[in-house]
Amino acid sequence: MTNLHRLSIRELSEGLQQGKFSSRELTQHYLKRIEKIDAQVKSYVTVTPELALSQADAADAAIKAGNATALAGIPLAHKDIFCTQGVRTSAGSKMLDNFISPYDATVVTKAKAAGLVTLGKVNMDEFAMGSTSESSYYGATKNPWNLDYVPGGSSGGSAAVVAADLAPFATGTDTGGSIRQPASFCGLTGLKPTYGRVSRFGIIAFASSLDQAGPMARSAEDCAYLMNVIAGHDAKDSTSVDKEVDDYVANLNATSVKGLRIGIPKQYFNVAGLAADVKARVEESLKKLEDMGAILVEVDLNMVEAYVPTYYLIAPAEASSNLSRYDGVRYGYRCENPVDLMDLYKRSRSEGFGEEVKRRILIGTYALSAGYYDAYYVKAQKVRRLIQQDFLKAFEQVDVIAAPSAPTTAYKIGANLSPTEMYLGDVYTLAVNLAGLPAINAPVGLDDHNLPVGLQLIGNYWSESQLLSIVHQYQQNTDFHTQRAAIAEENA
Ligand code: GLN
């Protein structure tokens, strides 16, 4: 069985349940591929073969006994921001290089309960701050489509493992685009759910009012399977919403593309940094949806210029508060031979955090400090509300809103963008988090350098089923999501 890594989640589930292959065989197949190929991609921070094989054996036993769940025995990779009991959970930081989590994040608990097999923990920008995965303490992950390019970030490892077929699907988190942008850069489907749909319990916090976890996979169908596992109310997360969860798989054909009203915000297509071939591929995908029966409607989203400044105030403000817990006392990195308490705090934090994280802490602390709080933080919160209202107004006219996921395709590794250049690359994703809306990335072709381009569809609150269904139907009529990077063609 050399081609197990080419199977979809549905095919894997059927193959396992019908006894065509065992979970142990499947898991070993992936572990072998990781051993052979990941030295080039550098997507895993920690591989957990023992845990994986013991979970695989348990799944095989359950399948034999006839009491296995549908996904039992299918391997999964977790972004290294999800606490996993007994396994290092680093968040890509030196600060947590020695942190072995004593408990599981709810997403991990749910994955285990579904019988999924944990292959390991994958790389990310430090504390999820970044768009390239280069800020990780563990070094840069490579884009499987071209190893000289970044996979995007912050969930760059999650994107790279799937694109290189080193895991069939992966978890990611999205605070300002970190699922959608790497999915776009690596030719994958990735869903950022409505804020409150997936529990944040046990996810290392970046900006708590924006953070949300979601699936990254090849297709909308594969994402739907993972959403069925991870979505739902959790009493351990006070912002988790107690609302019935859809059956995302059963609903894959439930939304009619015929007559679907897709909003095209004209301001989005006039953004200065929008690359010509990104614009062209996105417009072609909209034409395809139109051919399938959708109605394209021009809408106004007037706050585009406020997205980057608003997010880059609110996210660092929350980060500076969340990251104050890393003081070298209870857990995480501690400096050598501190002379007194101040020295301990100062040096543990200066030595443990990387440059981008320090920049955010400084910006955030400044924005929250007495005398500046009203001028910056409170003002940003007001603008945040206006951004949300702008979307709600647009949703009075249309069912979903279309946009690029990113203004460009992947950057070269080491391109060394200035912080502001990098922040401007987030222009299409940030507002969704500020408003708490769901959005999905779907691959829609390649640019002139053979790098993937992504279409983003933004939905109204709780419309995850609808977004997955639209992309699923698009994927039934196109084959961009089945195109693979050369490295994924390699067999172990
Ligand atoms: N690139 C954005 C940032 O650096 C988004 C990160 C994210 O979604 N975690 O903050």
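Each residue, glycine too, has its Cβ placed from N, Cα and C.
Positions annotated as active site, charge relay system by TrEMBL: Lys79 (among others). Secondary structure at Lys79 (active site, charge relay system), taken from DSSP and collapsed to helix, strand or coil, is strand.
In sequence order, Gly92, Met124, Asp125, Ala128, Met129, Gly130, Ser131, Ser133, Thr173, Thr175, Ser178, Pro182 make up the list of same-chain residues 6 or more apart from Ser154 (active site, charge relay system) whose Cβ falls under 8 Å from its Cβ. The active site, charge relay system annotation in TrEMBL covers Ser154 (among others).
According to DSSP, Ser178 (active site, acyl-ester intermediate) is assigned to coil rather than to any helix or strand. As annotated by TrEMBL, active site, acyl-ester intermediate applies to Ser178.
The average pLDDT for the domain 'Amidase' (25-468) in the predicted structure is 98. Under the heading domain 'Amidase', TrEMBL lists 25-468.
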Under 8 Å between C-beta atoms and at least six apart in sequence, can you list the same-chain neighbours of Lys79 (active site, charge relay system), or say none if there are none?
Lys121, Val122, Met124, Ser155, Gly157, Ser158, Ala170, Thr171, Gly172, Thr173
Cβ under 6 Å from ligand 1: which of the active-site residues Lys79, Ser154, Ser178 qualify?
Ser154, Ser178
